[in-house]
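Quick look at what Swiss-Prot annotates:
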MOTIF     12-22  motif ''HIGH' region'
REGION    114-140  region 'Disordered'
COMPBIAS  114-128  compositional bias 'Basic and acidic residues'
MOTIF     244-248  motif ''KMSKS' region'
BINDING   LYS247  ATP binding site
Amino acid sequence: MAATPVRTRFAPSPTGYLHIGGARTALFSWAYARRHGGRFILRIEDTDVARSTPEAVQAILDGMKWLGLEHDEGPFYQMQRMDRYKEVIQQMLAAGTAYYCYTSKEELDALRAEQEAKKEKPRYDGRWRPAPGKTLPTPPAGVQPVVRFCNPTTGVVAWDDLVKGRIEISNTELDDFIIARADGTPTYNFCVVVDDWDMGITQVIRGDDHVNNTPRQINVLQALGASVPQYAHLSMILGDDGTKLSKRHGAVSVMQYDDEGYLPEAVINYLARLGWSHGDDEIFSREQFVEWFDLDHITPSAAQFNTEKLNWLNAHYIKQADNAYLAAEVANRLARRGVDPEAGPALEQVVALYKDRSANLNELADAAELFCVDVHAAPEVIAQHLTDTARAALASLRARFEAVAWDKAALNQAIKDTMAEHGLKMPQVAIPLRVALLGVPQTPSIDAVVEVLGRERVLARLARHLG
């Protein structure tokens, strides 16, 4: 008998941005489907009408696209499936696996207070649940009932969690939860079940904040005669300080990492190592990750987010990246700043100079901007470095630059000849030259900077300071 094709899903609620925890869930679900030749489904759980927004949906789609987590089916929207949910609820009412409940809020509040006074766990008491020989109250006039699920009253719900191991919950711990509100709208736990059933989901990979939902969802699936998927609940992500990851730990939105100059390849690599490992391997490609990924090596303990490690990874990926790719990314960032990317030398040349000393794309763009815009150094920097002695040396050097062959070796010799003429050491010429050309005292090798900047720009910028 052929194995059931793998079908995983990512099902975010569009009430905000795509955060790091959600991105990791999406990555693991996507990788599992790719590893097993399966299908990855994107589902938007937008039943919280008050908080769901089109902007949040777009932010999720943008984040997925930036990370390169392409879905095979979807996105499916729960609000577009309401008729299907209501159809299944009617089937359950007819089958006796669900029932109408007319208990008012006041009655539920009184029941809760009574149970709490007795130190009992608050739960619905089943007063409207049909049973053989039981006479139900007369439905009150003008009251719209909710629909509750007939949760089993005996036995246990058990599943072998692919991360946490065997989990068993006694059905006596669960009550008859609401699957449709009084206005007829189905609840989250019910919609999820119908979606997973209809979409043939085989593995549900999600955060462990959903563990408590799982026994209820399994019971509904079994009541529907549906196949129960395997579940894998991922541990939470903690911040650098060991507390739950939040805004105070820095960027939490995936697209914020784009804004801050991280490469998607670096973020993917880092997310992959948040709770999963393959021996001591720290750096690997997306393709290698898919080949290696399994659920057996996901740790059940909380993962800790380490910004320094992410920064280290990002710097590594920038060093290894193709110069043309980096130049295109830098050009986009310059354009967003209002800087013409074509106002300076070829960005690929600038990128080649600076990629080994840049931790992110924004640092690369900062450097490139100095080549595109004639930057004026701060007055105190000019006062410190462009002394009369330095200006005299730069005037001699400018004259040499007018005639010299424009290659690194010849430019280096021109600088050395100027040093000899004025009795100066390399820093006494190179630092003022950096300040005059780029407005900063520190750059890569000065002869390389001069070569890339080009004769016309070098002469013009020197003339401005010597005028």
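Any Cβ shown, glycine's included, is placed from N, Cα and C.
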Positions whose Cβ lies under 8 angstroms from the motif ''HIGH' region' (12-22), at least six residues beyond its ends: 44-46, 48, 51-54, 56-57, 59-60, 62-64, 207, 236-237, 245, 252-256, 271, 305
Sequence-remote partners of the region 'Disordered' (114-140) [C-beta within less than 8 Å, at least six residues beyond its ends]: 96, 99-103, 108, 148, 150, 173, 175-177
Remote residues contacting the motif ''KMSKS' region' (244-248) - C-beta distance under 8 A, at least 6 residues beyond either end: 20-21, 236-238, 305
Reported mean pLDDT - the motif ''HIGH' region' (12-22): 90
Helix, strand and coil residues within the region 'Disordered' (114-140) as assigned by DSSP: 4 helix, 0 strand, 23 coil
Residues in the motif ''KMSKS' region' (244-248) grouped by DSSP into helix, strand and remaining coil: 2 helix, 1 strand, 2 coil
Counts of helix, strand and coil residues, the motif ''HIGH' region' (12-22), according to DSSP: 3 helix, 1 strand, 7 coil
